[in-house]
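*Asks:* Residues or ranges marked as Fe cation binding site by TrEMBL: His315, His320, Glu360. According to TrEMBL, the domain 'ACT' annotation covers 66-140. Feature annotation from TrEMBL assigns domain 'Biopterin-dependent aromatic amino acid hydroxylase family profile' to 135-482.
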Amino acid sequence: MIDCTLATSGRPSIALLSHSFDNNVRTRSTMATIVNSTSNSIPSMQSRYRMNTYLDVPLDGKGKFYLIITLKEGVSKLIASLKIFEAHKVNVVHIESRPSRKEGCYDFLIECNGMKEQCDTIFNMLHSIADRVSVQSFGPERACRDAVPWFPQKIKDLDLFADRILTYGAELDADHPGFKDEVYRQRRKIFADIAHNYRHGQPIPRVEYTEEETKTWATVYRELKQLYPTHACREFNHIFPLLEQNCGYSENAIPQLQDVSEFLRECSGFTVRPVAGLLSSRDFLAGLAFRVFHTTQYIRHSSSPKYTPEPDVCHELLGHVPLFADPEFAQFSQEIGLCSLGAPDEVIQKLATLYWFTVEFGVCQQNGQRKAYGAGLLSSFGELQYCLTDEPKVLPFDPEVTATAEYPITSYQPLYFLAESFHSAKERLRNWALSIPRAFNFRYDPYTQRVELLDNAEILSRFVHDIRNDLHLVENSLKKIDVHTEMDGKDNYER
C-alpha cells in the first residue's frame, strides 16, 4: 500500500473501463461522437479541415460497429443482450459501461465486428431487452490528410464531455476502501451529481464537508506541509502561503473550489471545474488547452488517509492547484493541452506520458538541489521524500525520450525526468511539438477563450496585426523606461 500516491490501475470486470491515461482513446472518442451526435450538440468546424473520428461509415461489407444500449441494473439483462450477439455470430471486441442518466440503469458501449445486415438485426432484437438502443457503424480506417478528431474550439465546448468519466465517480470497485461504506458511497453520489450538473460559467456549488472528511484532510495536510519547505520547488513554496491567505487553506477546513478557481484566474488565468472522476486523456488534456483543470471534490476514505486509488480533493488542491497559479507553469500546462487538440491517438498517448512525468511526477533543479513540482509527489508524503533520494533513476527531461518511457501506476516511480526550469521544459516541449503530424497550428485567444486555427491568410494577417500592436506597446514602454532612467540619473548627479 502506498501513501497518497495517485494509483489508477484498471481492474478486470464485466464493465471494462479505461484509465484517464489509457491506450484506448479511439474507443472513447468514438463513444463521445456517438453520444453527442444523437443530440447534435457538437458544433461543426468552420474550416477546410473535416472533423472526423478517423473512421468512415461503410456502404456495405464487413466493418466495425458501435452500439450504445441502456439496461436496467442487473447482470441478467446484460447476459441476455450478449447472447443475441453470440446467436448471430457477431464478434464483440470491447465493452464499456457507466451509470446512465436514467435512474437504476447503466449505459453500455459495445464494439463489435460484423456485416451491416447483422448489425441491423441485432439493433432490432435489442429493443426487446434494452430501454434504449442507438447504433453507429464505421468501416476501415482511411488515410485522409484533412480529417482530424473532433476537439473543443471554445471553452463552453468542455460541457460536451466533462461528465463522460471512465472510472469511479459515484460507482466504486469492490477493492476500493469505501466500497462497503454506504455513507461514503452516498457522499460520492452527491459530489458526482454536482459535477454532472455543472455548466461553464456557473459558480461551483459550495460543499459542506463532514467532520470525518475534514479530519482526513487534516491528516494529509499536516504531514505534507512539514515537507514542503525542504522538498517542494520554490514556486510552490511561494504560492502555498497565498492559498492559505486567500482560499482558506488550513488543516481545519477543506477549501471550496469556487474560491480556488477565482484565485487562480487572477494569478494565471487558469480555472477549475468539478468532475466526477477520471476523464479520457484526450478530454482531460483538451481542458488544459483552455486553462481549465478538471478537479474532483470528493475525498479519499477515512480508513486510508495515506492512500487513494484515484485523484481526490487532496491530490487536486495540495498537489496541482498551487503551481497552476504560477504563470510559467500555467503556460507549460496549456502548451501540453494545445498539443493534444486534433492530434492522432498515438500522439495523445505520448502527451499523456509527458504529462505523467512532468505535471504529475516532475522534478527540477534549483540551487544545485533536486526539488519536486509534480502533483503526484506533492500530494504523497511518502514519495515526496523518496523522489529526492538516490534510489530512483533521474534523467534529463527530453520530450523525445520522456514521451515513450514506461512507468508503474501503483508504486513509487523508479524513474524521474529532471527539468532545468519550467521555462526550459516549455521550450523543449514546443520544439518537440513541431513533429506532431497536423496540417495546421493553433492560437489560443484569451479574450474570447477560443482556439483559432491558423490555416488561411486572413487569420494569419489578424494574428500578425495583434503581434504588431503588442510590439508597439513594448517599444513605447521601453522608451518611457529609458526616459525615467535618464531623469533618475540626472537627479542623482545633481544631488
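Here, residue 1 is simply the first one shown, and the rest follow in order.
Placed from the backbone N, Cα and C atoms, the Cβ positions cover glycine too.
Curation plays no part in TrEMBL annotations; they are all automatic predictions.
The shown structure was predicted, so the numbers you read here are calculated from the model rather than taken from an experiment.
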*Asks:* Counting other Cβ atoms within 10 Å of each Cβ, which of the binding-site residues His315, His320 scores lowest?
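*Replies:* Checked His315, His320; of these binding-site residues, fewest Cβ neighbours within 10 Å: His320.
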*Asks:* May I have the DSSP-based helix, strand and coil counts for the residues of the domain 'ACT' (66-140)?
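*Replies:* Helix/strand/coil tally for the domain 'ACT' (66-140): 24 helix, 34 strand, 17 coil.
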*Asks:* Would you count the other C-beta atoms found within 10 angstroms of the C-beta of Glu360 (Fe cation binding site) for me?
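*Replies:* I get 23 for this one.
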